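Read the structure below first, then the notes.
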Amino acid sequence: MVQNIQIIILGLALGGVYALMASGLTLIFGVMGIVNLSHSAFMIVGAFIAFYAFTLFGIDPILSIVITMPAMFLLGIVVYKLIFARSFADPAKRSVMVLMTFALALVIEGTLGFFFSNIYRSTSPSYASDAVIVGPFFLPLGQLYAMAMSIVILLLLWAYLKYTWTGYAIRATMHNRTAAEVVGVNVDRISMLVFGIGMALAGASGSALSFVFSFYPSKHWEFVAILLSLVVLGGMGSLLGALIGALSLSVVAAFVSSNYGPTWSPVTFYLALFIILLVRPQGLLGKKSGL
Amino acid sequence: MAMIEIKDVFAGYGIGPDILTGLSLNVVAGRSYCIVGPNGAGKSTLLKVICGQLPPRSGSVMFNGQDLAGLRTDEVLERGICFVPQDRSLFTDMTIRENLQMGGYILKDSAEIDRRIEGVLEMFPVLKSRLGLAAKTLSGGQQQQLLIGRALVLRPKVIMLDEPTLGLAPKISRQIFDSMNELKAAGIAIIVVEQNARMGLNFADWGCVLDLGRMVFEGPSQDVLSDERIEQLYLGRKRQTEAAS
Ligand SMILES: Nc1ncnc2c1ncn2[C@@H]1O[C@H](COP(=O)(O)OP(=O)(O)O)[C@@H](O)[C@H]1O
Ligand SMILES: [Mg+2]
(Lines of atoms letter the chains of each structure in order from A and count residues from 1; the text may use other names and numbers.)
(Lines give C-alpha, C1' and ligand atoms only; values in the text may rest on other atoms or scores of the structure.)
(Ligands and ions follow the chains in the order given, each with its own letter.)
Protein backbone atom coordinates (compact mmCIF):
# COMPACT_ATOMS: atom_id res chain seq x y z
CA MET A 1 0.00 0.00 0.00
CA VAL A 2 2.68 2.45 1.05
CA GLN A 3 4.65 1.53 -2.00
CA ASN A 4 1.66 2.06 -4.29
CA ILE A 5 1.02 5.51 -2.86
CA GLN A 6 4.69 6.29 -3.32
CA ILE A 7 4.42 5.31 -6.99
CA ILE A 8 1.29 7.43 -7.43
CA ILE A 9 3.04 10.45 -5.90
CA LEU A 10 5.99 10.09 -8.27
CA GLY A 11 3.65 9.58 -11.21
CA LEU A 12 1.60 12.66 -10.37
CA ALA A 13 4.68 14.83 -9.92
CA LEU A 14 5.90 13.91 -13.38
CA GLY A 15 2.38 14.17 -14.76
CA GLY A 16 2.17 17.80 -13.65
CA VAL A 17 5.25 18.62 -15.71
CA TYR A 18 3.92 16.68 -18.69
CA ALA A 19 0.66 18.61 -18.40
CA LEU A 20 2.56 21.87 -18.72
CA MET A 21 4.41 20.51 -21.74
CA ALA A 22 1.19 19.30 -23.35
CA SER A 23 -0.78 22.50 -22.68
CA GLY A 24 0.95 24.48 -25.43
CA LEU A 25 0.58 21.64 -27.89
CA THR A 26 -3.14 21.22 -27.28
CA LEU A 27 -3.81 24.97 -27.26
CA ILE A 28 -2.16 25.43 -30.65
CA PHE A 29 -4.06 22.47 -32.01
CA GLY A 30 -7.32 23.85 -30.66
CA VAL A 31 -6.94 27.19 -32.41
CA MET A 32 -4.98 26.35 -35.54
CA GLY A 33 -6.04 22.76 -36.08
CA ILE A 34 -2.48 21.54 -36.60
CA VAL A 35 -0.40 19.11 -34.57
CA ASN A 36 2.78 21.04 -33.95
CA LEU A 37 5.45 18.33 -34.11
CA SER A 38 8.12 20.92 -33.34
CA HIS A 39 6.64 21.68 -29.92
CA SER A 40 9.15 19.55 -28.02
CA ALA A 41 12.05 20.86 -30.08
CA PHE A 42 11.09 24.33 -28.85
CA MET A 43 11.00 22.95 -25.31
CA ILE A 44 14.62 21.86 -25.79
CA VAL A 45 15.44 25.39 -26.96
CA GLY A 46 13.91 26.64 -23.72
CA ALA A 47 15.94 24.11 -21.76
CA PHE A 48 19.13 25.36 -23.39
CA ILE A 49 18.25 28.94 -22.48
CA ALA A 50 17.61 27.86 -18.88
CA PHE A 51 20.83 25.85 -18.90
CA TYR A 52 22.99 28.78 -19.94
CA ALA A 53 21.14 31.20 -17.68
CA PHE A 54 22.05 28.81 -14.85
CA THR A 55 25.63 27.94 -15.75
CA LEU A 56 26.66 31.41 -16.90
CA PHE A 57 24.69 33.65 -14.55
CA GLY A 58 23.60 31.32 -11.79
CA ILE A 59 19.91 31.99 -12.45
CA ASP A 60 17.68 29.40 -10.82
CA PRO A 61 15.92 27.33 -13.50
CA ILE A 62 12.50 27.99 -11.98
CA LEU A 63 13.13 31.73 -12.01
CA SER A 64 14.49 31.41 -15.55
CA ILE A 65 10.92 31.33 -16.85
CA VAL A 66 11.02 35.13 -16.76
CA ILE A 67 13.56 34.75 -19.59
CA THR A 68 12.44 31.58 -21.35
CA MET A 69 8.75 32.48 -21.55
CA PRO A 70 9.04 35.95 -23.15
CA ALA A 71 11.97 34.86 -25.34
CA MET A 72 10.05 31.86 -26.65
CA PHE A 73 6.90 33.95 -27.05
CA LEU A 74 8.76 36.32 -29.35
CA LEU A 75 10.40 33.45 -31.21
CA GLY A 76 6.93 31.95 -31.64
CA ILE A 77 5.57 35.17 -33.15
CA VAL A 78 8.50 35.33 -35.57
CA VAL A 79 8.10 31.68 -36.58
CA TYR A 80 4.37 32.18 -37.01
CA LYS A 81 4.86 35.23 -39.22
CA LEU A 82 7.56 33.61 -41.32
CA ILE A 83 6.06 30.15 -41.74
CA PHE A 84 2.46 29.79 -40.69
CA ALA A 85 0.73 33.09 -41.42
CA ARG A 86 1.00 32.75 -45.17
CA SER A 87 0.31 29.02 -45.33
CA PHE A 88 -2.68 29.48 -43.14
CA ALA A 89 -4.33 31.89 -45.55
CA ASP A 90 -3.96 29.41 -48.40
CA PRO A 91 -6.13 26.31 -47.96
CA ALA A 92 -3.98 24.33 -50.42
CA LYS A 93 -0.96 24.79 -48.18
CA ARG A 94 -2.81 24.05 -44.98
CA SER A 95 -2.63 20.30 -45.46
CA VAL A 96 1.16 20.34 -45.52
CA MET A 97 1.46 22.42 -42.37
CA VAL A 98 1.96 19.40 -40.12
CA LEU A 99 4.81 18.30 -42.37
CA MET A 100 6.21 21.79 -42.05
CA THR A 101 6.22 21.50 -38.27
CA PHE A 102 8.08 18.19 -38.71
CA ALA A 103 10.67 19.92 -40.90
CA LEU A 104 10.90 22.72 -38.36
CA ALA A 105 11.66 20.19 -35.61
CA LEU A 106 14.48 18.78 -37.75
CA VAL A 107 15.88 22.24 -38.41
CA ILE A 108 15.84 23.15 -34.71
CA GLU A 109 17.40 19.84 -33.74
CA GLY A 110 20.11 20.20 -36.40
CA THR A 111 20.87 23.78 -35.38
CA LEU A 112 21.10 22.90 -31.70
CA GLY A 113 23.23 19.85 -32.49
CA PHE A 114 25.57 21.96 -34.58
CA PHE A 115 26.16 24.52 -31.84
CA PHE A 116 25.91 22.42 -28.70
CA SER A 117 26.52 18.79 -29.78
CA ASN A 118 24.47 15.88 -28.57
CA ILE A 119 25.82 15.51 -25.05
CA TYR A 120 23.68 15.15 -21.94
CA ARG A 121 23.06 18.32 -20.01
CA SER A 122 20.98 19.38 -17.08
CA THR A 123 20.81 22.28 -14.70
CA SER A 124 21.69 21.31 -11.16
CA PRO A 125 20.15 23.63 -8.60
CA SER A 126 20.56 22.27 -5.09
CA TYR A 127 16.97 21.02 -4.85
CA ALA A 128 17.25 18.97 -8.07
CA SER A 129 18.95 16.13 -6.24
CA ASP A 130 17.32 16.75 -2.87
CA ALA A 131 14.35 15.03 -1.30
CA VAL A 132 12.20 15.24 1.79
CA ILE A 133 10.96 12.27 3.71
CA VAL A 134 7.39 12.61 4.97
CA GLY A 135 6.44 9.62 7.08
CA PRO A 136 7.04 6.60 4.90
CA PHE A 137 7.13 8.66 1.70
CA PHE A 138 10.07 9.84 -0.30
CA LEU A 139 9.41 13.14 -2.11
CA PRO A 140 12.03 14.24 -4.65
CA LEU A 141 12.13 18.04 -4.36
CA GLY A 142 13.11 18.73 -7.94
CA GLN A 143 10.03 16.99 -9.32
CA LEU A 144 7.77 18.52 -6.69
CA TYR A 145 8.97 22.03 -7.44
CA ALA A 146 8.57 21.42 -11.15
CA MET A 147 5.04 20.18 -10.58
CA ALA A 148 4.17 23.16 -8.39
CA MET A 149 5.55 25.53 -11.01
CA SER A 150 3.57 23.75 -13.73
CA ILE A 151 0.35 23.96 -11.75
CA VAL A 152 0.78 27.66 -11.06
CA ILE A 153 1.39 28.38 -14.75
CA LEU A 154 -1.56 26.22 -15.82
CA LEU A 155 -3.83 27.99 -13.33
CA LEU A 156 -2.75 31.38 -14.65
CA LEU A 157 -3.38 30.17 -18.20
CA TRP A 158 -6.80 28.89 -17.22
CA ALA A 159 -7.70 32.20 -15.55
CA TYR A 160 -6.48 34.09 -18.60
CA LEU A 161 -8.66 32.01 -20.90
CA LYS A 162 -11.64 32.20 -18.59
CA TYR A 163 -11.66 35.80 -17.40
CA THR A 164 -10.25 38.02 -20.14
CA TRP A 165 -11.81 39.11 -23.41
CA THR A 166 -8.84 37.80 -25.33
CA GLY A 167 -9.16 34.48 -23.51
CA TYR A 168 -12.83 34.46 -24.42
CA ALA A 169 -11.90 35.05 -28.05
CA ILE A 170 -9.34 32.23 -27.93
CA ARG A 171 -11.92 29.80 -26.56
CA ALA A 172 -14.47 30.90 -29.13
CA THR A 173 -11.96 30.37 -31.93
CA MET A 174 -11.24 26.89 -30.55
CA HIS A 175 -14.95 26.10 -30.60
CA ASN A 176 -15.72 27.37 -34.08
CA ARG A 177 -13.35 29.43 -36.14
CA THR A 178 -15.88 30.76 -38.67
CA ALA A 179 -18.36 31.66 -35.97
CA ALA A 180 -15.65 33.54 -34.10
CA GLU A 181 -14.82 35.45 -37.25
CA VAL A 182 -18.46 36.32 -37.82
CA VAL A 183 -18.82 37.90 -34.38
CA GLY A 184 -15.73 40.00 -34.98
CA VAL A 185 -12.88 38.01 -33.47
CA ASN A 186 -9.71 38.75 -35.41
CA VAL A 187 -8.88 35.08 -35.85
CA ASP A 188 -5.56 35.70 -37.59
CA ARG A 189 -4.34 37.75 -34.66
CA ILE A 190 -5.66 35.14 -32.23
CA SER A 191 -3.78 32.40 -34.10
CA MET A 192 -0.55 34.35 -33.89
CA LEU A 193 -1.07 35.12 -30.22
CA VAL A 194 -1.88 31.52 -29.39
CA PHE A 195 1.16 30.29 -31.24
CA GLY A 196 3.22 32.71 -29.15
CA ILE A 197 1.54 31.57 -25.93
CA GLY A 198 2.08 27.93 -26.91
CA MET A 199 5.76 28.64 -27.45
CA ALA A 200 5.98 30.51 -24.13
CA LEU A 201 4.54 27.40 -22.47
CA ALA A 202 7.15 25.32 -24.32
CA GLY A 203 9.76 27.71 -22.90
CA ALA A 204 8.47 27.26 -19.35
CA SER A 205 8.45 23.49 -19.95
CA GLY A 206 12.08 23.80 -21.04
CA SER A 207 12.95 25.51 -17.77
CA ALA A 208 11.26 22.69 -15.87
CA LEU A 209 12.71 19.85 -17.89
CA SER A 210 16.22 21.30 -17.56
CA PHE A 211 16.39 20.12 -13.94
CA VAL A 212 13.95 17.21 -14.00
CA PHE A 213 15.48 15.40 -16.96
CA SER A 214 18.81 15.45 -18.68
CA PHE A 215 18.47 16.67 -22.24
CA TYR A 216 20.25 16.86 -25.58
CA PRO A 217 19.08 18.23 -28.94
CA SER A 218 17.48 15.04 -30.26
CA LYS A 219 15.72 14.30 -26.95
CA HIS A 220 12.61 16.04 -28.28
CA TRP A 221 11.47 12.98 -30.26
CA GLU A 222 10.95 11.11 -27.03
CA PHE A 223 8.94 14.00 -25.60
CA VAL A 224 6.80 14.58 -28.64
CA ALA A 225 5.70 10.95 -28.65
CA ILE A 226 4.78 11.14 -24.98
CA LEU A 227 2.98 14.46 -25.38
CA LEU A 228 0.99 13.19 -28.33
CA SER A 229 -0.25 10.25 -26.29
CA LEU A 230 -1.36 12.53 -23.42
CA VAL A 231 -3.06 15.00 -25.69
CA VAL A 232 -4.77 12.34 -27.76
CA LEU A 233 -6.01 10.60 -24.63
CA GLY A 234 -7.44 13.81 -23.22
CA GLY A 235 -8.86 14.92 -26.56
CA MET A 236 -6.98 17.16 -28.99
CA GLY A 237 -7.51 20.82 -28.20
CA SER A 238 -8.79 20.32 -24.67
CA LEU A 239 -6.67 21.75 -21.86
CA LEU A 240 -8.51 19.89 -19.13
CA GLY A 241 -8.17 16.74 -21.22
CA ALA A 242 -4.41 17.24 -21.49
CA LEU A 243 -4.20 17.60 -17.72
CA ILE A 244 -6.23 14.45 -17.10
CA GLY A 245 -4.29 12.57 -19.78
CA ALA A 246 -0.95 13.67 -18.35
CA LEU A 247 -1.74 12.77 -14.75
CA SER A 248 -3.38 9.43 -15.49
CA LEU A 249 -0.86 8.15 -18.03
CA SER A 250 2.07 9.23 -15.88
CA VAL A 251 0.73 7.27 -12.95
CA VAL A 252 0.21 4.23 -15.16
CA ALA A 253 3.72 4.63 -16.55
CA ALA A 254 5.10 4.88 -13.01
CA PHE A 255 3.49 1.56 -12.12
CA VAL A 256 4.76 -0.07 -15.29
CA SER A 257 8.21 1.26 -14.59
CA SER A 258 8.22 -0.03 -11.03
CA ASN A 259 6.95 -3.47 -11.98
CA TYR A 260 8.74 -4.12 -15.26
CA GLY A 261 11.68 -1.73 -15.15
CA PRO A 262 12.09 1.88 -16.31
CA THR A 263 12.79 0.98 -19.95
CA TRP A 264 9.12 0.01 -20.26
CA SER A 265 7.84 3.36 -19.01
CA PRO A 266 7.94 5.19 -22.38
CA VAL A 267 6.38 2.16 -24.06
CA THR A 268 3.31 2.74 -21.90
CA PHE A 269 2.76 6.09 -23.61
CA TYR A 270 3.35 4.79 -27.13
CA LEU A 271 1.05 1.85 -26.60
CA ALA A 272 -1.60 4.12 -25.09
CA LEU A 273 -1.37 6.43 -28.12
CA PHE A 274 -1.87 3.48 -30.44
CA ILE A 275 -4.80 2.04 -28.54
CA ILE A 276 -6.60 5.35 -28.04
CA LEU A 277 -6.33 6.17 -31.73
CA LEU A 278 -7.85 2.80 -32.53
CA VAL A 279 -10.61 2.79 -29.95
CA ARG A 280 -11.55 6.39 -29.27
CA PRO A 281 -9.69 8.73 -31.62
CA GLN A 282 -11.49 11.82 -30.28
CA GLY A 283 -10.07 11.11 -26.82
CA LEU A 284 -11.82 11.61 -23.50
CA LEU A 285 -12.97 15.19 -23.97
CA GLY A 286 -12.65 15.65 -27.74
CA LYS A 287 -11.76 18.90 -29.43
CA LYS A 288 -15.07 20.65 -29.07
CA SER A 289 -15.44 20.46 -25.32
CA GLY A 290 -13.00 23.31 -25.01
CA LEU A 291 -11.68 23.80 -21.50
CA MET B 1 -29.51 58.29 -50.39
CA ALA B 2 -28.19 54.76 -50.38
CA MET B 3 -26.60 53.50 -47.19
CA ILE B 4 -24.54 50.81 -48.93
CA GLU B 5 -23.34 51.50 -52.45
CA ILE B 6 -21.80 48.56 -54.26
CA LYS B 7 -20.27 49.57 -57.53
CA ASP B 8 -18.75 47.39 -60.27
CA VAL B 9 -17.42 44.81 -57.86
CA PHE B 10 -15.25 41.97 -59.12
CA ALA B 11 -14.34 39.34 -56.56
CA GLY B 12 -13.14 35.76 -56.38
CA TYR B 13 -11.28 33.25 -54.22
CA GLY B 14 -7.51 32.78 -54.20
CA ILE B 15 -6.19 32.58 -57.74
CA GLY B 16 -9.58 31.36 -59.01
CA PRO B 17 -11.78 33.13 -61.57
CA ASP B 18 -13.95 36.15 -60.83
CA ILE B 19 -17.13 35.00 -59.10
CA LEU B 20 -18.65 38.48 -58.97
CA THR B 21 -18.29 40.11 -62.37
CA GLY B 22 -19.10 43.77 -62.20
CA LEU B 23 -21.87 43.69 -59.66
CA SER B 24 -23.63 46.84 -58.49
CA LEU B 25 -26.33 47.32 -55.88
CA ASN B 26 -27.60 50.13 -53.68
CA VAL B 27 -29.03 49.39 -50.27
CA VAL B 28 -31.25 52.05 -48.73
CA ALA B 29 -31.54 52.35 -44.95
CA GLY B 30 -34.49 50.47 -43.49
CA ARG B 31 -35.41 48.75 -46.68
CA SER B 32 -35.38 44.98 -47.15
CA TYR B 33 -33.82 43.13 -50.06
CA CYS B 34 -34.19 39.60 -51.27
CA ILE B 35 -31.49 38.17 -53.50
CA VAL B 36 -32.42 35.17 -55.59
CA GLY B 37 -30.58 33.28 -58.28
CA PRO B 38 -29.31 29.84 -59.21
CA ASN B 39 -26.79 27.88 -57.15
CA GLY B 40 -23.28 29.15 -57.58
CA ALA B 41 -24.44 32.52 -58.90
CA GLY B 42 -22.35 34.31 -56.27
CA LYS B 43 -25.02 35.25 -53.73
CA SER B 44 -23.04 34.12 -50.71
CA THR B 45 -19.91 35.62 -52.20
CA LEU B 46 -21.63 39.00 -52.41
CA LEU B 47 -22.51 38.92 -48.71
CA LYS B 48 -18.96 37.92 -47.84
CA VAL B 49 -17.64 40.88 -49.81
CA ILE B 50 -19.96 43.29 -48.00
CA CYS B 51 -19.00 42.04 -44.54
CA GLY B 52 -15.28 42.13 -45.18
CA GLN B 53 -14.57 38.41 -45.26
CA LEU B 54 -13.57 38.58 -48.92
CA PRO B 55 -11.92 41.77 -50.22
CA PRO B 56 -13.09 42.72 -53.73
CA ARG B 57 -10.54 42.59 -56.56
CA SER B 58 -11.87 45.83 -57.98
CA GLY B 59 -14.85 48.11 -57.59
CA SER B 60 -15.99 49.64 -54.35
CA VAL B 61 -18.28 49.00 -51.43
CA MET B 62 -19.25 52.27 -49.71
CA PHE B 63 -21.09 52.50 -46.43
CA ASN B 64 -22.55 55.93 -45.65
CA GLY B 65 -20.02 57.45 -48.01
CA GLN B 66 -17.07 55.60 -46.51
CA ASP B 67 -15.15 52.88 -48.33
CA LEU B 68 -15.33 49.50 -46.64
CA ALA B 69 -12.43 48.13 -48.70
CA GLY B 70 -9.64 46.72 -46.58
CA LEU B 71 -11.70 46.65 -43.38
CA ARG B 72 -11.73 43.51 -41.30
CA THR B 73 -14.96 41.81 -40.27
CA ASP B 74 -14.82 43.33 -36.79
CA GLU B 75 -14.45 46.83 -38.26
CA VAL B 76 -17.43 46.25 -40.53
CA LEU B 77 -19.44 45.00 -37.54
CA GLU B 78 -18.53 48.16 -35.66
CA ARG B 79 -20.12 50.20 -38.42
CA GLY B 80 -23.38 48.31 -38.01
CA ILE B 81 -23.38 45.55 -40.61
CA CYS B 82 -24.02 42.05 -39.26
CA PHE B 83 -23.85 38.79 -41.16
CA VAL B 84 -25.62 35.50 -40.47
CA PRO B 85 -23.81 33.03 -42.73
CA GLN B 86 -25.24 30.01 -44.48
CA ASP B 87 -23.35 27.38 -42.47
CA ARG B 88 -25.14 27.99 -39.13
CA SER B 89 -21.91 28.94 -37.42
CA LEU B 90 -22.96 28.74 -33.80
CA PHE B 91 -20.73 27.85 -30.89
CA THR B 92 -22.61 24.60 -30.56
CA ASP B 93 -20.91 23.42 -27.37
CA MET B 94 -21.27 26.75 -25.62
CA THR B 95 -24.48 27.73 -23.89
CA ILE B 96 -27.13 29.90 -25.49
CA ARG B 97 -26.21 32.74 -23.15
CA GLU B 98 -22.53 32.44 -24.08
CA ASN B 99 -23.44 32.49 -27.75
CA LEU B 100 -25.37 35.70 -27.26
CA GLN B 101 -22.51 37.16 -25.23
CA MET B 102 -20.10 36.35 -28.05
CA GLY B 103 -22.43 38.32 -30.30
CA GLY B 104 -21.42 41.41 -28.35
CA TYR B 105 -17.75 40.49 -28.28
CA ILE B 106 -16.52 43.64 -30.03
CA LEU B 107 -18.24 45.82 -27.39
CA LYS B 108 -16.03 44.30 -24.67
CA ASP B 109 -18.43 45.49 -21.96
CA SER B 110 -20.18 42.66 -20.10
CA ALA B 111 -22.77 44.85 -18.39
CA GLU B 112 -23.80 46.51 -21.64
CA ILE B 113 -23.85 43.15 -23.46
CA ASP B 114 -26.08 41.62 -20.77
CA ARG B 115 -28.45 44.59 -20.99
CA ARG B 116 -28.74 44.17 -24.72
CA ILE B 117 -29.23 40.42 -24.44
CA GLU B 118 -32.31 41.11 -22.29
CA GLY B 119 -33.74 43.10 -25.16
CA VAL B 120 -32.96 40.43 -27.70
CA LEU B 121 -34.60 37.76 -25.54
CA GLU B 122 -37.88 39.63 -25.56
CA MET B 123 -38.03 38.91 -29.25
CA PHE B 124 -37.10 35.24 -28.85
CA PRO B 125 -38.89 33.84 -25.79
CA VAL B 126 -37.88 30.26 -26.74
CA LEU B 127 -34.28 31.16 -26.09
CA LYS B 128 -35.03 32.85 -22.81
CA SER B 129 -36.11 29.66 -21.10
CA ARG B 130 -33.02 27.77 -22.29
CA LEU B 131 -30.19 30.21 -21.66
CA GLY B 132 -28.05 27.70 -19.76
CA LEU B 133 -28.34 24.89 -22.32
CA ALA B 134 -25.77 24.10 -24.98
CA ALA B 135 -26.68 25.61 -28.34
CA LYS B 136 -26.55 22.19 -29.99
CA THR B 137 -29.65 21.14 -28.03
CA LEU B 138 -31.76 23.60 -30.03
CA SER B 139 -33.79 22.60 -33.08
CA GLY B 140 -32.84 23.94 -36.50
CA GLY B 141 -35.33 26.79 -36.33
CA GLN B 142 -34.31 27.76 -32.81
CA GLN B 143 -30.65 27.74 -33.86
CA GLN B 144 -31.50 30.12 -36.65
CA GLN B 145 -33.27 32.36 -34.13
CA LEU B 146 -30.20 32.24 -31.93
CA LEU B 147 -28.04 33.25 -34.88
CA ILE B 148 -30.30 36.21 -35.58
CA GLY B 149 -30.41 37.07 -31.88
CA ARG B 150 -26.64 36.91 -31.67
CA ALA B 151 -26.35 39.38 -34.52
CA LEU B 152 -28.93 41.70 -32.93
CA VAL B 153 -26.81 42.15 -29.79
CA LEU B 154 -24.80 44.69 -31.79
CA ARG B 155 -27.98 46.60 -32.72
CA PRO B 156 -27.00 46.61 -36.41
CA LYS B 157 -28.25 48.98 -39.06
CA VAL B 158 -28.06 46.24 -41.65
CA ILE B 159 -28.45 42.52 -41.15
CA MET B 160 -27.53 40.07 -43.88
CA LEU B 161 -28.93 36.54 -43.79
CA ASP B 162 -27.70 33.80 -46.07
CA GLU B 163 -30.44 31.23 -46.69
CA PRO B 164 -31.89 31.40 -43.17
CA THR B 165 -34.61 28.84 -43.91
CA LEU B 166 -32.32 26.24 -45.47
CA GLY B 167 -33.41 22.80 -44.30
CA LEU B 168 -36.30 24.11 -42.19
CA ALA B 169 -39.89 22.92 -42.42
CA PRO B 170 -42.29 25.42 -44.09
CA LYS B 171 -43.94 26.29 -40.79
CA ILE B 172 -40.61 27.02 -39.12
CA SER B 173 -39.48 28.98 -42.16
CA ARG B 174 -42.52 31.22 -41.73
CA GLN B 175 -41.56 31.81 -38.11
CA ILE B 176 -38.11 32.93 -39.21
CA PHE B 177 -39.73 35.33 -41.67
CA ASP B 178 -42.00 36.57 -38.88
CA SER B 179 -38.89 37.42 -36.88
CA MET B 180 -37.44 39.17 -39.90
CA ASN B 181 -40.63 41.18 -40.24
CA GLU B 182 -40.12 42.39 -36.68
CA LEU B 183 -36.61 43.53 -37.59
CA LYS B 184 -38.02 45.29 -40.59
CA ALA B 185 -40.56 47.04 -38.38
CA ALA B 186 -37.69 48.11 -36.13
CA GLY B 187 -36.14 49.92 -39.06
CA ILE B 188 -33.24 47.55 -39.70
CA ALA B 189 -32.26 47.09 -43.33
CA ILE B 190 -32.28 43.44 -44.32
CA ILE B 191 -30.51 41.64 -47.11
CA VAL B 192 -31.68 38.06 -47.36
CA VAL B 193 -30.55 35.39 -49.78
CA GLU B 194 -33.37 32.93 -50.15
CA GLN B 195 -33.80 29.69 -52.08
CA ASN B 196 -37.52 29.85 -51.58
CA ALA B 197 -37.74 32.82 -53.92
CA ARG B 198 -41.47 33.36 -53.57
CA MET B 199 -41.37 33.51 -49.79
CA GLY B 200 -38.33 35.77 -49.84
CA LEU B 201 -39.74 38.14 -52.43
CA ASN B 202 -43.08 38.36 -50.70
CA PHE B 203 -41.25 39.45 -47.59
CA ALA B 204 -38.84 41.94 -49.12
CA ASP B 205 -39.43 45.42 -50.55
CA TRP B 206 -36.88 44.96 -53.27
CA GLY B 207 -35.96 41.91 -55.31
CA CYS B 208 -32.62 41.24 -56.97
CA VAL B 209 -31.86 38.45 -59.39
CA LEU B 210 -28.22 37.48 -59.45
CA ASP B 211 -26.74 35.22 -62.11
CA LEU B 212 -23.16 34.58 -63.19
CA GLY B 213 -21.86 37.13 -60.75
CA ARG B 214 -23.95 40.13 -61.72
CA MET B 215 -27.42 41.57 -61.19
CA VAL B 216 -29.57 40.56 -64.11
CA PHE B 217 -32.66 42.24 -62.74
CA GLU B 218 -33.71 44.29 -59.77
CA GLY B 219 -36.87 46.10 -58.86
CA PRO B 220 -39.77 46.15 -56.43
CA SER B 221 -40.33 42.58 -55.26
CA GLN B 222 -43.81 42.38 -56.75
CA ASP B 223 -42.39 43.31 -60.17
CA VAL B 224 -39.81 40.56 -59.90
CA LEU B 225 -42.48 38.11 -58.86
CA SER B 226 -44.76 39.01 -61.74
CA ASP B 227 -42.11 39.24 -64.48
CA GLU B 228 -42.74 36.29 -66.76
CA ARG B 229 -39.24 36.02 -68.11
CA ILE B 230 -37.73 35.91 -64.63
CA GLU B 231 -40.34 33.48 -63.54
CA GLN B 232 -39.40 31.11 -66.34
CA LEU B 233 -35.66 31.45 -65.87
CA TYR B 234 -35.30 31.67 -62.12
CA LEU B 235 -38.52 31.03 -60.28
CA GLY B 236 -40.19 28.47 -62.51
CA ARG B 237 -38.93 25.34 -60.84
CA LYS B 238 -39.85 26.66 -57.42
CA ARG B 239 -43.44 27.16 -58.43
CA GLN B 240 -43.69 23.61 -59.70
CA THR B 241 -42.29 22.16 -56.50
CA GLU B 242 -44.59 24.34 -54.49
CA ALA B 243 -47.58 23.33 -56.54
CA ALA B 244 -46.61 19.71 -56.05
CA SER B 245 -46.36 19.99 -52.30
N1 LIG C 1 -14.30 29.51 -50.26
C2 LIG C 1 -14.36 29.34 -51.59
N3 LIG C 1 -13.24 29.06 -52.29
C4 LIG C 1 -13.28 28.89 -53.62
N5 LIG C 1 -14.41 28.99 -54.37
C6 LIG C 1 -15.55 29.26 -53.74
C7 LIG C 1 -15.59 29.46 -52.31
N8 LIG C 1 -16.88 29.72 -51.97
C9 LIG C 1 -17.59 29.70 -53.11
N10 LIG C 1 -16.80 29.44 -54.17
C11 LIG C 1 -17.23 29.35 -55.57
O12 LIG C 1 -17.86 30.56 -55.90
C13 LIG C 1 -19.00 30.32 -56.73
C14 LIG C 1 -20.19 31.04 -56.15
O15 LIG C 1 -20.44 30.54 -54.87
P16 LIG C 1 -21.52 31.16 -53.89
O17 LIG C 1 -21.29 32.62 -53.78
O18 LIG C 1 -21.49 30.37 -52.64
O19 LIG C 1 -22.86 30.89 -54.70
P20 LIG C 1 -24.37 30.94 -54.20
O21 LIG C 1 -24.39 31.38 -52.79
O22 LIG C 1 -25.03 31.90 -55.13
O23 LIG C 1 -24.91 29.57 -54.37
C24 LIG C 1 -19.18 28.82 -56.80
O25 LIG C 1 -18.74 28.40 -58.06
C26 LIG C 1 -18.28 28.28 -55.73
O27 LIG C 1 -17.71 27.08 -56.14
MG1 LIG D 1 -24.84 30.41 -51.03
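Even glycines carry a Cβ here, placed using N, Cα and C.
Because the structure is a prediction, the values reported are computed rather than measured.
Annotation source TrEMBL lists transmembrane segment at A:6-29 (among others). Only residues 6 or more beyond the boundaries of the transmembrane segment (A:6-29), in the same chain, are considered here, and those with a CB under 8 A from a CB of the stretch are 35-36, 39-40, 43, 136-140, 143-144, 146-151, 153-154, 157, 170, 194-195, 197-202, 204-205, 208-209, 212, 223, 226-228, 230-231, 234, 236-239, 241-243, 245-255, 258, 287.
The feature transmembrane segment is assigned by TrEMBL to A:41-59 (among others).
Per TrEMBL, the feature transmembrane segment maps to A:65-84 (among others).
For A:96-117 (among others), the entry in TrEMBL reads transmembrane segment.
Within the chain, the transmembrane segment (A:137-161) has long-range Cβ neighbours (under 8 A, six or more residues past its boundaries) at 2, 5-6, 9-10, 12-17, 19-20, 23, 62, 65, 125, 127-131, 167-168, 170-171, 197, 201, 204, 207-208, 211-212, 239, 243, 291. Under the heading transmembrane segment, TrEMBL lists A:137-161 (among others).
The transmembrane segment annotation in TrEMBL covers A:193-217 (among others).
Annotated transmembrane segment per TrEMBL: A:223-255 (among others), in sequence order.
Under 8 Å from some Cβ of the transmembrane segment (A:267-285) lie the Cβ atoms of residues 225-226, 228-236, 238, 240-241, 244-245, 249, 252-253, 256-257, all in the same chain and six or more residues away from its ends. The transmembrane segment annotation in TrEMBL covers A:267-285 (among others).
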Interface-richest range of A:41-59, A:96-117, A:193-217, A:223-255 toward the transmembrane segment (A:65-84), CB pairs under 8 Å: A:193-217
Other parts of the chain folded back onto the transmembrane segment (A:193-217), taken as Cβ under 8 Å at six or more residues beyond its ends: 14, 17, 20-21, 23-25, 27-28, 30-32, 36, 39-40, 42-51, 54, 61-62, 64-65, 68-77, 79-80, 84, 108-110, 112-113, 116, 118-125, 128, 142-143, 146, 149-150, 153, 157, 166, 170, 173, 223
